[in-house]
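Database features, via Swiss-Prot:
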type    : residues : note
MOTIF   : 31-41    : motif ''HIGH' region'
MOTIF   : 266-270  : motif ''KMSKS' region'
BINDING : LYS269   : ATP binding site
MOD_RES : SER270   : phosphoserine
Amino acid sequence: MTITLYNTLTRKKETFVPLEEGKVKMYVCGPTVYNYIHIGNARPAIVYDTVRNYLEYKGYDVQYVSNFTDVDDKLIKAANELGEDVPTVSERFIKAYFEDVGALGCRKADLHPRVMENMDAIIEFVSELIKKGYAYESEGDVYFKTRAFEGYGKLSQQSIDELRSGARIRVGEKKEDALDFALWKAAKDGEISWDSPWGKGRPGWHIECSAMVKKYLGDEIDIHAGGQDLTFPHHENEIAQSEALTGKTFAKYWLHNGYINIDNEKMSKSLGNFVLVHDIIKQYDPQLLRFFMLSVHYRHPINYSEELLEKTKNAFNRLKTAYSNLNHRLISSTNLTDNDEEWLAKIEEHRTAFEEAMDDDFNTANAISVWFDLAKVANYYMQEDNTADHVIKAFISMFDRIGSVLGLTLGEEELVDEEIEELIEKRNEARRNRDFALSDQIRDQLKSMNIILEDTAQGTRWKRGE
C-alpha cells in the first residue's frame, strides 16, 4: 500500500510520490537555541523522526536536514542577560538539545546546519533576489517585495488583500510596503554582525531556511515540515523567497504538527506554563514522553498534564509487560505445536494493520492501537499449555518491528526478586530432570540480566552484578 499524507499546501490527503523514485529530501525547521527545549519543541523532533523512520522502513533513502537558528533577537537578548557572547550561548543549548532529543529516542539528522556557518550562502541568496527584482536595500536593511511574488499566501490560504488589511509599518522600519519582510537587518550597536554588500548586519529569520535548503538539498525538496505555528509567516515567506529565486516548486509536501496545551490551556512562555524536556526526563522515562506524544495523531493538539502522563505510563507498562513475558516464555517453549500457522497468520495480520495505519498520514495513534491488540493476542497465546519458540520469536519480532519505527524500545525490565527466584526454581527443576540444556539456558538468561548464580551444597544463591 502506498503512503498518503495530508499536505498543508492543498489542505487534503495526497498519495506520496517523491520527486526521485526511491529517494526523499526532507527538511525540518529546528529550534532557536537560546534556552532548553520545552515539550512543544520536542513534538516536531519526535514526530518527524518517526516519519523518517517509517519512510526508511518502506525502503526510501531519506536525506534528512534540520537546522539550528543560532543567531537572532532572542539569542542576542539571552546572551546579554547572561553576560556571554552569542556563540557561547548557542553552543551550550545545541549540546543540550542533542542530549534531550537523544534521550527521547530521536536520531540525529543527516545534517544540522547552523546559520552562522552559512552566512555566505545567505548573503548570496539575498543578492540574487535583489538582482531579480524581488528585494530591495533600504539604509542597510534588505526587504522582500511581497507583492512581486504572485503566489504569496498560498500556503496559509490568505489573499494579499486580506493580509494588507492587517499590515502596518512599525516605527523605525524602512520598508516600502507594510507586507514586505526583512531578509537582512542592519547591525545595531553592540550586536553580533557580519560584513555584507549592504553593510554590517545579520540575516532575517525566514531567509535562513531558504538558503540552507538550497545549499544542502537543492532547489526542490519532497517534504518540508515543522510546527503548525510556523505555517505563517515563516513557511509562507520561505516559499516566496525560494520560488521567486528559482522559479521552481520549493517543497512538494508540507507537514505541520499540532500545538501542545498544558492543562487545557495553550502552552506559552508568556503565560509561564511551559514544561522543559530536561525537567520531565528527570522524573519519567524519556521513552514514556515519546510514547505519550505518538499516542495522538501528529496534526491534532495534545493536552499535557502529569495526570495524563501517569495514565499513559500504565498503558505503556502493559506493552512492556507483554514483551517481557514473551521473552521469558522462550525458555519453556517447544519446537512445534498444533496451531502454529493460525497464530503466525494473526501476527501477519497485525503487521498489515500497522502498515495501513502508518500509510494513512503517519497515524501513530492507530499504529499504537494495533500494537496493543498484538499484545492482547500474545497474552492469549501465552495462556496455551504449549507454545512454540518460533511463534514466540515471531511475536517478539513484530513488537521490535513496530518499536523500531516508533522509536520505542520496550526492552527487558530489571527482574524483581520474586521473578529471579521463580527462574531459579525452574532451573533447579530442569537439573533434577537432567534437562541440562534448559538449565544452561536459564543460567545464561540470568547472566545476561546481570544476575550471578552460585550453586552450593545448600542450594543456589544469587546476587546482582556490580
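Residue numbering: from 1, along the chain as shown.
Each Cβ is built from the backbone N, Cα and C atoms, and glycine gets one as well.
Through the fold, the motif ''HIGH' region' (31-41) approaches residues 68-70, 72, 74-75, 77-78, 89-90, 93-94, 96-97, 100-101, 227, 259-260, 267, 269, 274-278, 280, 289, 293, 304 of its own chain, all at least 6 residues removed from its boundaries and within a Cβ separation under 8 Å.
Summed and averaged per residue, pLDDT over the motif ''HIGH' region' (31-41) gives 95. With DSSP states grouped into helix (H, G, I), strand (E, B) and coil, the motif ''HIGH' region' (31-41) comes out at 3 helix, 2 strand, 6 coil.
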